[in-house]
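A short write-up of the structure that comes next.
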Amino acid sequence: MSELDHIKNESVDLVRIPMEEVFEELKCTKQGLTANEASHRLDVFGPNKLEEKKESKLLKFLGFMWNPLSWVMEVAALMAIALANGGGRPPDWQDFVGIVCLLLINSTISFIEENNAGNAAAALMAGLAPKTKVLRDNQWSEQEASILVPGDVISIKLGDIIPADARLLDGDPLKIDQSSLTGESIPVTKNPSDEVFSGSICKQGEIEAIVIATGVHTFFGKAAHLVDNTNQIGHFQKVLTSIGNFCICSIALGIIVELLVMYPIQRRRYRDGIDNLLVLLIGGIPIAMPSVLSVTMATGSHRLFQQGAITKRMTAIEEMAGMDVLCCDKTGTLTLNKLTVDKNLVEVFAKGVGKEHVFLLAARASRIENQDAIDAAIVGMLADPKEARAGVREVHFFPFNPVDKRTALTYVDSDGNWHRASKGAPEQILNLCNCKEDVRRKVHGVIDKFAERGLRSLAVARQEVLEKKKDAPGGPWQLVGLLPLFDPPRHDSAETIRRALNLGVNVKMITGDQLAIGKETGRRLGMGTNMYPSSALLGQVKDSSLGALPVDELIEKADGFAGVFPEHKYEIVHRLQQRNHICGMTGDGVNDAPALKKADIGIAVVDATDAARGASDIVLTEPGLSVIISAVLTSRAIFQRMKNYTIYAVSITIRIVFGFMFIALIWQFDFSPFMVLIIAILNDGTIMTISKDRMKPSPQPDSWKLRDIFSTGVVLGGYQALMTVVFFWVMKDSDFFSNYFGVRPLSQRPEQMMAALYLQVSIISQALIFVTRSRSWSYAECPGLLLLGAFVIAQLVATFIAVYANWSFARIEGAGWGWAGVIWLYSFLTYIPLDLLKFGIRYVLSGKAWLNLLENKTAFTTKKDYGKEEREAQWAAAQRTLHGLQPAEKNNIFNEKNSYSELSQIAEQAKRRAEVVRLREINTLKGHVESVVKLKGLDIDTIQQHYTV
């Protein structure tokens, strides 16, 4: 393969030499390479991808010990070995080794878990590897772009990301978006023999090309090392920083108070004071927090993949959990995208033409390979798909693009005459044919008739090309006919939309079809018919009642929009974001990319173009809306795990810092830093399992509310600190436990008090996770077996230490099984109010605690279906009101809507509109018959024999 070394060394300018010389230099033809030749060239040029920087495993491992939380622990280790060297005692080697072990254990667990999650994520992303059509062994096949080599012939079509630097072969000019490479905002025209760059996007046209450079030798590859790889600090990282700073500030406050009291006022010994400071530093820092949250998110992304959603950006999970508006395409998402044509409804407008000829012309204007849904439906109506090209010679095919919205074929018939056939959007075909006003009115009447039945219209036209040239304008176009296309809704779409509304996600239909079709589809799916034409987005709607409504409010309250172009999608997302909505947007085409990138969660649907996938945050591998709603539920469960852990981490910091601070200052009892290390190690081992814990998703959109996290953490942590102080006071200054439980007093046994205090802190600290992980009573929501097992094992270890340990260096001596039983009982009794505190702080923070109390909407109930009765009553009232059985509901002085957030109002309004639409279905003959049958108790089979519905 030495003859190709000059290509690899780039000693030949393949961009400027004539195309004939390109083939000579690359030793190839327009028929492409053979598989063997391509394999040899792959060995010479390497894979068509950029070299990945391999991160050192050692540096990655050490990176887990290089963050603000780890720095605090490292300062504590230095204090144990340096500052603790005083008071006639040697350096605190045990604590130093313990802290280092804690850091190593945490880093090891984090390294293993994140490495596994990273491998899983890499495997998922491999499924999104760009693919391309390549000609090898004289056959076209779809292959991964990484196997391309110079000399390969590839096919480029609308929406493709160019896989390698290439020169265009014969064909029509392309429109190429090079903005990601050159910064040009307007697509540039590329003619045959021009070069196209790897990474640019085909915006219009279709052509074949020969690859001239791959991998690091491409224009993109050479520029890659110049790209600034500085990582932006995302919202998730800011949240972690805020929580970490809160914990560090809490510890700093405790340390300052201890320093001000212990040395100037109490005149404590230097070494004892250092030990107390170490307790706060070691016990208060949630050292495992960054790893737990990152691993939870990575593990969650794998679960999403199993449900048919690949996350390209991990932080999209938290945004998906907070999504309250979903703008979704009708075709393929709400419907099956399996079109059928009703031959009986075909309208013919050309004289002397039958319906079969309309079908034939439409089939000729369709592809017979690489078909889209419309092409497949049209060609499939023929008795034999080969009829589409029978007796004619194809000269040129004009592919579909979002601007022209039509396809066309130039062909020569058996008599040598040249013709063109075109099919496409009726409005585009009408303009093409330059139809008179009366014809337009007739066509629009047929279109409206189709639309009322939920049918899309496809216009067909023909033209004679007297010049007999493929680029000739030809004679006048003639409108031939209209075809009705029906795309049935998915069987699960209606139920999925209802689920979405109940989850607080307002689903808006975005369709390029007519308004009447959008309304009919919305009616069938029960999502409401409050839909508007795309002109309403620009304030051009003629309806005076809508004209007075601000565009932002119109978009917010609409159930959908029809006649939408890609630029309208961008405007919808932009306006919704201005109204503080977290907006999801689905898309599949190259022109959807700006809206997908603008949306908080860009979702590329199944079979989306490379450009749409590149701009999206989540790529679906399964069709339908149900995949998205399942992903929302999974994301909320993942987010709940992360939020619950952060509340737990803040609570533990408050509980350790203030609990031990008060004990140290009031009773001058010096808790052992080594025992705090044991608590921290056991805690981290247990908490690492939270990423796999079973979790109920939030019933409403959720997001990081730091005020709620800090408030809940302070209340729960403060309560636990108080219970520890009370326990120590009763144990040291009274005989309560010995009098009532028969255990020996410990007031004069500080080593055994250390053991008892250690066990009490360990049990109640770890048990707190069961409170923070549940939305209702903690005992009613069963945790995962892994979390439960880890808790049991950790507390068995803690109990055995408290009962049997005799470690002089840690100043601890076993307190016996009697005290262990007392401590477990005390911990159980003090655990019960934690749920009540959780409910209390939640209702106080919601701002409607008094209203909830008056209307009995509290969590202090054993009912499983919370709020079910009220929803059923609202449903019954809506039915009675609709049928005139009772007047419309009057406002209550405690109007629920006035107290709910605006987002909940919008979801509720959409839900009610959907309910009304479904209830209108009752006013049909079938609904009336079934109602009478139920009322009279008649035989339904007998009734159905006499009524045809």
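Any Cβ shown, glycine's included, is placed from N, Cα and C.
Relative to the membrane, SER534 and VAL844 are annotated in Swiss-Prot as lying on a common side.
Range with Swiss-Prot annotation transmembrane segment, chosen from 94-114, 115-135, 598-618, is 94-114. As a quick check, the transmembrane segment (785-805) and the transmembrane segment (94-114) miss the bar of 3 or more Cβ pairs under 8 A, pairs 6 or more apart, so the two do not touch. Scored by C-beta pairs under 8 angstroms, the transmembrane segment (710-730) has its highest count with 644-665, from the stretches 62-81, 94-114, 644-665, 752-772, 814-834. Within the chain carrying the topological domain 'Cytoplasmic' (694-709), a Cβ under 8 angstroms from the stretch's Cβ atoms is held by residues 235, 239, 242-243, 318, 321-324, 502-505, 582, 632-641, 643-644, 646-647, 650, 773, 775, 781-784, 845, 903-904, all 6 or more beyond its ends. As a quick check, the transmembrane segment (244-264) and the transmembrane segment (274-291) clear the bar of 3 or more Cβ pairs under 8 A, pairs 6 or more apart, so the two touch. Counting C-beta pairs under 8 angstroms (sequence separation of 6 or more), the transmembrane segment (274-291) fails to reach the transmembrane segment (752-772), with fewer than 3 such pairs. Helix, strand and coil counts under DSSP for the topological domain 'Extracellular' (806-813) come to 3 helix, 4 strand, 1 coil.
Classification of ASP588 (Mg(2+) binding site) by DSSP places it in coil, neither helical nor stranded. Sorting the topological domain 'Cytoplasmic' (694-709) by DSSP state (H, G, I as helix; E, B as strand; all else coil) yields 4 helix, 0 strand, 12 coil. With every protein chain in view, the residue among the binding-site residues ASP588, ASP592 whose Cβ has the most Cβ partners within 10 Å turns out to be ASP592.
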